[in-house]
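*Asks:* One structure coming up, written as structure tokens, with questions to follow.
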């Protein structure tokens with residue numbers, strides 16, 4: 001889920017929490033939770049009563065969910081819940097309250113470096129064909145350029161467009177780090193070594209978007225990225241940017 005928040009004033013689209021107009025996977029198609037049992041919908045409430053899908057996450061084990069730090073950053077724990085085991089953003093499956101949220105200690109909200117967090121649920125996530133722990137890329141996981149990766153989520157189907165109540169997925173490709181860094185440097189944005197770029201470079205039309213923040217990016221079924229930010233959505237020149245999971249393998253293990 002990428003969101004337009006305060007950074008929008010700088011011309012920067014962050015895949016942040018609580019979108020004013022949440023957006024979904026661009027250029028993909030509908031799918032089911034049975035195809036992606038490791039993904040969960042993160043629900044947010046402004047008033048503590050009415051919750052709506054605002055970010056995505058990945059099941060680590062029966063009590064912990066991986067997401068983007070910018071989703072829960074600055075919020076009270078009781079503003080967030082986790083919906084597991086459902087194809088649909090706002091119905092079905094099981095809904096879990098949270099006990100705690102752990103933000104990466106080096107998270108930088110200005111450039112979204114180290115944009116990673118772990119939510120601990122108050123109740124166990126029951127595993128079945130619609131809810132399973134994910135395989136997380138290890139520190140030495142080899143992921144080259146132009147590799148097929150898949151993104152999934154409940155974000156917008158176009159930048160500024162309507163939400164998708166049903167889970168969607170899209171095939172994109174990993175983008176060379178130097179190329180991605182250069183493209184974003186041209187508009188004053190920083191791509192660090194902790195980030196992983198993906199999209200359909202110089203073609204566009206496929207991407208994660210607002211509402212997909214925190215959700216997984218898969219390579220051969222292994223989670224290699226956490227949806228973080230981008231310049232609008234699905235632009236030919238600017239790929240999407242994820243937190244690079246291989247940089248956080250130890251931190252994830254030690255905190256879940």
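The backbone N, Cα and C atoms fix where each Cβ goes, and this holds for glycine too.
Pulled these from Swiss-Prot:
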ACT_SITE  70  active site, charge relay system
ACT_SITE  115  active site, charge relay system
ACT_SITE  213  active site, charge relay system
DISULFID  55-71  disulfide bond
DISULFID  180-197  disulfide bond
DISULFID  209-233  disulfide bond
DOMAIN    25-256  domain 'Peptidase S1'
SIGNAL    1-17  signal peptide
SITE      207  site 'Required for specificity'
*Asks:* Sorted by position, what residues of the same chain at least six away from residue 197 (disulfide bond) have a C-beta under 8 A from it?
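*Replies:* Counting only residues 6 or more apart in sequence, the Cβ neighbours of residue 197 (disulfide bond) under 8 Å are 174, 175, 176, 177, 179, 180, 191, 239, 240, 241, 242.
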*Asks:* From the recorded positions 115, 207, 209, 213, pick the residue whose C-alpha lies nearest to the C-alpha of residue 71 (disulfide bond).
*Replies:* 213
*Asks:* Counting Cβ atoms within 10 Å across all protein chains shown, which of the disulfide-bonded residues 209, 233 comes out on top?
*Replies:* 209
*Asks:* If you draw a 10 Å sphere on the Cβ of residue 70 (active site, charge relay system), how many other Cβ atoms land inside?
*Replies:* 29
*Asks:* Taking only C-alpha atoms and a 10 A limit, tell me which of 115, 207, 213, 233 are near residue 55 (disulfide bond). These are the recorded positions.
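*Replies:* So far as Cα distances go, the recorded positions lying within 10 Å of residue 55 (disulfide bond) are 213.
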*Asks:* Between residue 115 (active site, charge relay system) and residue 70 (active site, charge relay system), what is the CA-CA distance rounded to a whole number of Å?
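*Replies:* Residue 70 (active site, charge relay system) has its Cα 6 Å from the Cα of residue 115 (active site, charge relay system).
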*Asks:* Looking at the recorded positions 70, 213, 233, which has the shortest Cα distance to residue 207 (site 'Required for specificity')?
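*Replies:* Of the recorded positions 70, 213, 233, 233 has its Cα closest to that of residue 207 (site 'Required for specificity').
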*Asks:* Pull out the recorded positions from the set 209, 213, 233 whose C-alpha sits within 10 Å of the C-alpha of residue 70 (active site, charge relay system).
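*Replies:* Taking 209, 213, 233 one by one, the ones whose Cα falls within 10 Å of residue 70 (active site, charge relay system) are 213.
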*Asks:* Between the disulfide-bonded residues 55, 71, 180, where is the Cβ count within 10 Å the lowest?
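*Replies:* Candidates: the disulfide-bonded residues 55, 71, 180. Fewest Cβ atoms within 10 Å: 180.
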*Asks:* Give the helix, strand or coil assignment DSSP yields for residue 209 (disulfide bond).
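*Replies:* Looking at the DSSP assignment, residue 209 (disulfide bond) belongs to neither helix nor strand, so coil.
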